[in-house]
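These notes concern the structure reproduced below.
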Amino acid sequence: MIYNESLPDNLPSLCSKALLADVPCDRLVRDLRPDFFYRPASLERMCTSGCAAALSSWTSSVRSACGKNVSVPTDFDLLASPVVIPATLEHTFEFTCLRENNKFCGPVAALAAVFTDPGVSPFNYLSEAPEGTTDPGRCDSCIAARLRMRAGSPYFDGPIVASESLYQRLTSSCGITGKPVTTTTIDYSISEPEPTEDSCDGTQYTIQNTDDCYSISKAQGVATAWLLADNGLAAYCADFPTSGSLCIANKCDTVTVGVNQTCIAIANSAGITVTQLKAWNQVINPVCSNIGMMNGTTLCISPPGPRLPLPGTTDIPPLVPTTAAPVPTDAAAGSNKPCSRWYNVEAGDYCNLVILKFAISLDDFLFLNPGINANCTNLYAKESYCVHPVGDINTYAGRPGHVSITIDPNATFTGIPFTMLPNATVKGYSRPYTPAPLAKGVREDCVHYFKGDDYQFPPDQLGYWKSNCELAARNYGADNDNFVAWNALGTNVTDPSCSFVPGGRYCGSWNSQVVRTITETEPATATTGDGGPTPPAPTHSGQPQDCDTWHVVSSGDSCQSVADDAGISRDQFHDWNPAVGRDCSTNFWLGQAYCVGVSEDMGDMSTVASSTTSSVTPGPSKPEPPGPTHTGQPSDCDEWDVVETGDTCGSLAESNDISLSQFFDWNPAVSRDCVANFWIGQAYCIGVSS
């Protein structure tokens, strides 16, 4: 199963021999993976009782031969008993060959995966459900058995499955009883890494009787979070020691956080940016929503850590000489320009050799020594030539950078003083139209915007999509979570109640993304008759006579992508195009027209619902909340505020002149620490009529 070169050299010979023993199993067993679905034929071939017995015997012999005092390195620098090697493979074999009701469970899980997430997967031999099969469902005995085995295993993702009680939740919801989890453990070695001596890069401080976490951080000039992190202490000063010493390493200029202070207020008062504040205090989360839990602690308002010393002076001469060298008595004729270095030519020298020796170009060498001809045939031995200019050679007379200016200090200035010049003016660009205002909470820096009026389709016209929000997100190719955040929707895009307010603009893409149109433009060649538009390209037989929407296949299309683009299901596509094989491998051709809508099912998809107006009789009424709300808010609430990025419970109460207690009384769903149910885009009550 394993090779000699893969084992450590320091293993005892008996242990190595046991590990290298032959195990009579199919060759597929050696490379088994727990995250792979194997075909039934492969399972029949390798899942034999003989192989199971051989693996069990191999594990037992390795445990006996290697003992408890031998270890091999594993992940995360842990040392484990060598028995982990055969035991891991034995577990993978048992998981792969798991059976329920005399059937392999792997193919059942593969079929369930196809129904849950259809498409080609590198871990799945199925790309779509075979015809005539049904979804096994999450309560299938095989699905439960596989989850039960994972929950009791110490290998792979077993500890995660156990910690999240996934199997217990499944058995509870599916009514499965009498099948508890059986837990196994890994044979880890008792040897542990040698502890490293703690070192402090700063100064040691001895804790006094009157000290606490907050007083030490203030007195020592260190942020509270840095003090805790540098000493391996619990967050929020929990279980802070009352004796011993502390390492004070990351000193900085500090400020104490006040009640209900915000990141913006702290940064402004310190003369720094919010970005700097978060960079120097990594305990602050990206949106500063946890600053309200830090009152009384100290934060850094300058870079933490030791200051680098200022650079000192150096005696190294400048790279470019700034003073001329004395002119030698044997200087060549014409070599009379300022020169920082001279070279006395020796017999056998020639121009190319000299310029290579002193890293100077031939043009510069001839410029500094004009007595040499263009062919460089009159370079004389025993004479000195200039091989380096003083400063930049381009500032010499006759070079491109040379400027000669003569200034008369007694001349009278005749121009217009700079202070008397008129201020520059810029004429703004006039837009040919006035864009609609941004809807409440929508980002102001998006690349593409759209009007809420464009997505007011009734449910029967949405087709595949669950809401107008999901339709817009798909048209702009946006991730669901990002789309919700850009537009402060307050609910998932797949929620049928998710919608846009007419008259406002919404963010379609924050970065450059390809915008897909809502409806396809009909080809110019299509004509309308009694049976619907004439197909714009050749068609197959069997397509419905009342088809009124067509799609011509282009490069990159698939049955699924055509159905998705048209807002129909895959089954509808195949029902309306029966010539196409269910796996899309036959009769799906480039340039061919396929039916994606019929008159009795689709309706007029090109019609965009226009905003309607209705008259309302004036009368006393309370204001409608400007965003989604929580339960428990008072019925007589007449003032609302929608949470934006950077808001806290304290800042919301302060900006609306109410107390924090009033805020929590009127919004009982929000936890008192402002952690639970305080959401961006949600409306909260900040005033009542009574």
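Just so it is clear, glycine is given a Cβ too, placed from its N, Cα and C backbone atoms.
Under the heading N-linked glycosylation site, Swiss-Prot lists Asn4 (among others).
In this structure, Asn69 (N-linked glycosylation site) belongs to neither helix nor strand by DSSP; it is coil. Annotation comment: Swiss-Prot describes Asn69 (among others) as N-linked glycosylation site.
Per Swiss-Prot, the feature domain 'LysM 1' maps to 203-248; the stated evidence is sequence analysis. According to DSSP, the domain 'LysM 1' (203-248) comprises 18 helix, 9 strand, 19 coil.
According to Swiss-Prot, the domain 'LysM 2' annotation covers 253-301, on the basis of sequence analysis. Residues belonging to the domain 'LysM 2' (253-301) score a mean pLDDT of 91 in the model.
What Swiss-Prot records for Asn260 (among others) is N-linked glycosylation site, and it gives sequence analysis as the kind of evidence. For Asn260 (N-linked glycosylation site), the count of additional Cβ atoms within 10 Å of its Cβ stands at 17 [all protein chains shown]. Asn260 (N-linked glycosylation site) carries neither a helix nor a strand DSSP state and counts as coil.
Residues or ranges marked as N-linked glycosylation site in Swiss-Prot: Asn295 (among others). Around the Cβ of Asn295 (N-linked glycosylation site), the same chain contributes Val257, Gly258, Val259, Asn260, Gln261, each under 8 angstroms and 6 or more positions distant in sequence.
In the three-state DSSP reading, Asn375 (N-linked glycosylation site) counts as coil. Among the features that Swiss-Prot reports, N-linked glycosylation site is placed at Asn375 (among others), with the record citing sequence analysis.
DSSP assigns Asn410 (N-linked glycosylation site) to coil, not to a helix or a strand. Residues within less than 8 Å, Cβ to Cβ, of Asn410 (N-linked glycosylation site) and separated from it by at least 6 positions along the same chain comprise none. Taken from Swiss-Prot, the feature N-linked glycosylation site covers Asn410 (among others).
DSSP gives Asn423 (N-linked glycosylation site) a coil state; it is part of no helix or strand. Contacts of Asn423 (N-linked glycosylation site) defined by a Cβ separation under 8 A and a same-chain sequence distance of 6+ are given as none. Residues or ranges marked as N-linked glycosylation site in Swiss-Prot: Asn423 (among others).
DSSP assigns Asn492 (N-linked glycosylation site) to coil in the three-state reduction, placing it in neither a helix nor a strand. Of all Cβ atoms in the protein chains displayed, 15 besides its own lie within 10 Å of the Cβ of Asn492 (N-linked glycosylation site). Marked as N-linked glycosylation site by Swiss-Prot: Asn492 (among others).
Residues or ranges marked as region 'Disordered' in Swiss-Prot: 523-546 (among others).
The compositional bias 'Low complexity' feature in Swiss-Prot is assigned to 606-619.
Swiss-Prot lists 606-636 (among others) with the feature region 'Disordered'.
Residues or ranges marked as domain 'LysM 5' by Swiss-Prot: 639-686.
Residue environment of Asn69 (N-linked glycosylation site) contains 10 other Cβ atoms, counted within 10 Å of its Cβ in all protein chains. Spacing of Asn375 (N-linked glycosylation site) relative to Asn492 (N-linked glycosylation site) is 81 Å (Cα to Cα, whole number). DSSP labels the residues of the domain 'LysM 2' (253-301) in these numbers: 18 helix, 6 strand, 25 coil.
Rounded to a whole number, the distance between the Cα atoms of Asn69 (N-linked glycosylation site) and Asn492 (N-linked glycosylation site) is 55 Å.
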